[in-house]
Amino acid sequence: MTLATHDVRWSAGGHLIVDGITLSVEPNRMLGLIGPNGSGKSSLLRLLCRMRKVASGVVTLDARDIGDLSRRDLARRLAFVEQQATTDVHLSVCDVVRLGRTPHRAAFASWTREDEEAIDHALERVGLTDRHDQPWHTLSGGERQRVHIARALAQEPRELILDEPTNHLDIQHQLSTLALIRRLGLTCIVALHDLNLASLFCDRICVLSAGKLVAAGMPEAVLTPDLIRRVFGVEVRIHDGAGGRRHIEYIIDGDQGETP
Amino acid sequence: MSHAVLRPNWAARIAVAVLSVVALVLAVALAVTVGEMTIPLGTALKALGNGLFDLGFPTSAIQQGVIFHYRLSRALMAALCGGALAISGAILQALLRNPLAEPYILGVSAGASTGAVCVMILGLGGTTLGLSGGAFVGSVAALALVALLAAGAGGTSDRVILAGVAGSQLFTAATSAIVTTMASAEQARGVMFWLLGNFGGVRWPDLWVATPVALIGFIICMSHAKALDAFAFGTDAARSLGVAVGRVRFVLFATTALLTATMVAIVGSIGFVGLVIPHAARFLVGPGHARLLPACLVIGAVFMILTDILSRVLVPQQILPIGIVTALFGAPAFAAILYGAKRPA
Ligand SMILES: Nc1ncnc2c1ncn2[C@@H]1O[C@H](COP(=O)(O)OP(=O)(O)OP(=O)(O)O)[C@@H](O)[C@H]1O
Ligand SMILES: [Mg+2]
């Protein structure tokens, strides 16, 4: 149980947006967070990395309240990739990845060999080594997403939190990015929209709806036609796919009557 | 290939440092020799030797006075002021994530003018406070008001800017009200002149205040260089990179405000430098603050010394307010930089 929430609540604009959520990730496992738009996924992730303060409840890292850690210590343990983050500053790809070294560097320190290696390694892992000097504002949406992931990796975290990391990515990069995140072997919490990708890559899945946790468990146990109908209002059929994995097929109104 | 950029390159660093010092010394030397009374460099050096180390070179008392008590102190003050304003601008642009942010955005300059006018025209504070004291008190008052407003409104970047605009308008209006209703034409002219900035009144005691303030301010800012870089993607991103956003913002807002207030109190509010020098410096050394801040210090200092020289020699027998010169010459220079650096779309 490295990262866990205990009955956390958070409200904004007079509404309770995260409503008493208790969940935890096992070390080196990948936890998927799914739920409709506005169900509170991003809000919960922000609480997990202390970007917002919980109104009640606690978030713990190794059984310690993260509120008791210094921001810097937290940033060395835990990295966050936001749903969308952009800048007007004229940075290169490498400049952005270097930002990931911020929590590791003292105020007046210059770049060390360790920093350089972490940066190069991070760029290599997202496949952007050759884009090292390209200006940030010229990157495509998917490339930006991968640079942010590289920045998070340069932090050398043990816990990685990602908010829809496959946004903007083509199918190849969706698969390769999630495979990469899985291969890293870090403790991961990932908000995802694609139910098939979630069931393909996540060890466990938590389902949010209107700020509440409505289901949690193994993908096979959680992603049932009944739950998907209740939470997303969509009819699905579930097929057994190759390698024991399952495939979720969405049924559009018109073809409901057809037999497979 | 990437390593060449990353590894600290001491030779290059030392070269840049030496170059900066040479540029500063040349600018000061120029400032000391050029003016209504042109003084040969040799004489100027002797006078400096006399003034600084009491070497007893034979120089005329007038030359001695002009060089040591008038031009040198003035040039050094210009350097400090240019550097401090440029650094403050760079920091506010990073913290507020707004390229139009400048040192006066927190209402410091408007408050200073109100304070100065209170002393100059209303005679508040009597002789103890003085013009500079009044300006300083005014800027701190305006700053406090803006800080209160901004904090009450949620403290996000745009709220800080809006609070600054509101505070500035209020204090500018107060200044105008006092000037139009109470001042004689002569006084109004004096206020106008003071507002546009002027190094004419600078004497050594001013430097004993400004130098430590600028130095300590610079060190505080440099110690936050990495944190400032982390603000590129916003405050949330900075937080997730381990920056204690609230504390850093407080320390840096306070530092830039005090730097600016000190300079404004001594020489009036000189516009343009704090807005434009950071952008010019960014074109030269890139956005990383560990380089940007020293670059701002040097470029701001040299720019201000040179514009001060221009203000003295441009119109014979008359000294132009420095704010006019910074804008007159800075704006086209900046346009040239912008034009030259325009990136392919
Ligand atoms: N600061 C705020 N003030 C008011 N409402 C907010 C605030 N932050 C979030 N909300 C609301 O909380 C709800 C949850 O937002 P959140 O961003 O967590 O959703 P999400 O599950 O990540 O959605 P998506 O799938 O679209 O990314 C939304 O209805 C949003 O409008
Ligand atoms: Mg979201």
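All positions are counted from 1 along the displayed chain.
Cβ coordinates are placed from backbone N, Cα and C, and glycine is handled just like the others.
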Which residue range, B:39-61, B:131-153, is the one TrEMBL calls transmembrane segment?
-> B:131-153
Any contact between the transmembrane segment (B:131-153) and the transmembrane segment (B:250-277), i.e. 3 or more CB pairs below 8 Å with pairs at least 6 residues apart?
-> yes
Using a Cβ distance cut-off of under 8 Å, indicate which of B:103-125, B:160-185, B:250-277 has the most pairs with the transmembrane segment (B:207-229).
-> B:250-277
When each of B:75-96, B:250-277, B:289-307 is checked against the transmembrane segment (B:103-125) for Cβ pairs under 8 Å, which one has the most?
-> B:250-277
Range from B:160-185, B:250-277, B:289-307 with most C-beta pairs under 8 A to the transmembrane segment (B:319-341) | B:250-277
State the non-local partners of the transmembrane segment (B:75-96) in its own chain: residues 6+ outside its ends, Cβ under 8 Å from one of its Cβ atoms.
-> 24, 27-28, 31-32, 102-103, 105-106, 157, 160-161, 199, 202, 206-207, 210-211, 213-214, 217-218, 221, 228, 231-232, 249, 252-253, 255-256, 259-260, 262-263, 266-267, 270, 273-278, 281, 289, 292-293, 296-305, 307-308, 322
